[in-house]
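Trainee: Residues annotated as Mn(2+) binding site in TrEMBL: 113, 136, 138, 140, 226, 228.
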């Protein structure tokens with residue numbers, strides 16, 4: 001298989017043993033954190049999330065009659081590590097391109113948030129349009145950060161800039177944001193990014209659920225979750241923790257408001273840094289993954 005050039009196998013997500021050919025979802029890890037500017041350690045995220053996923057029940061808590069027990073998932077392992085960021089970006093791009101070309105849905109485990117950039121570019125290259133729903137404490141909309149052009153704090157700026165230059169349609173909603181600067185607010189306006197702060201999510205719950213449903217209706221949706229969207233009380237093991245965040249139930253409520261008519265183009269869960277806690281963040285990430293997959297699997301069956 002061409003993907004073998006990019007991937008080496010390790011533990012499997014949720015202990016899945018389905019073959020690539022028989023699966024609907026294909027997961028892979030990106031163990032890279034060399035542009036991290038606060039706390040390194042997200043390179044260990046993919047392994048930690050896999051380990052946590054093997055120690056939770058597979059039923060949904062939020063949607064009690066759904067489960068991922070029979071989810072057709074194949075875990076490729078991790079992208080082969082390379083120090084050079086440009087090569088890692090290209091490898092992730094090629095992995096996602098090959099997964100979607102075989103009619104399957106990619107699930108990426110990070111690693112730093114930078115790699116959402118090549119994943120979305122691979123999808124846009126094929127579809128020319130996507131709705132990007134991001135749960136994150138930060139906009140990641142700087143043009144440059146600490147002399148780094150492409151990094152975890154700039155990926156969304158460069159994604160939107162490239163999409164615009166190529167005439168691709170991309171709608172973006174950032175949910176749970178609470179840490180940003182003036183440049184990012186200017187870029188929010190210039191790119192037309194819709195956003196809801198963490199206090200908004202708590203105080204205006206019903207209005208935001210309704211808006212997310214409208215935004216994603218009949219759309220191809222890519223869901224990207226930076227685990228720092230959660231308050232450090234729930235997920236202390238992340239690269240850039242920010243107080244006053246969401247609870248896991250808050251985040252899952254947001255995700256459940258994605259329209260039933262939406263299709264899932266892809267999913268990533270990024271920035272788990274297990275060095276800084278006793279497994280809480282990895283468990284939160286694994287539970288979030290289980291809930292998202294149970295939700296979309298339930299909807300697929302009903303359709």
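Just so you know, glycine gets a Cβ as well, placed from its N, Cα and C.
A TrEMBL annotation is a machine prediction, not a hand-curated record.
Please go over these features one by one and say how buried each is and what sits next to it.
Mentor: Every protein chain shown contributes to the tally, and the Cβ of residue 228 (Mn(2+) binding site) ends up with 29 other Cβ atoms within 10 Å.
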Trainee: Rank the binding-site residues 113, 138 by how many other Cβ atoms lie within 10 Å of each Cβ and give me the one with the fewest.
Mentor: 138
Trainee: Give me the long-range Cβ neighbours of residue 136 (Mn(2+) binding site): same chain, 6+ apart, Cβ under 8 Å, in sequence order.
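Mentor: Looking at Cβ-Cβ distances below 8 Å from residue 136 (Mn(2+) binding site), excluding near sequence neighbours, one finds 113, 174, 175, 176, 177, 224, 225, 226, 228, 229.
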Trainee: For residue 226 (Mn(2+) binding site), what is the tally of other C-beta atoms lying within 10 angstroms of its C-beta?
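Mentor: Total other Cβ atoms inside 10 Å, all chains included: 28.
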Trainee: Including all protein chains shown, what's the count of other C-beta atoms within 10 A of the C-beta of residue 140 (Mn(2+) binding site)?
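Mentor: Here the count is 27.
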Trainee: Can you see whether DSSP assigns residue 228 (Mn(2+) binding site) to helix, strand or coil?
Mentor: helix
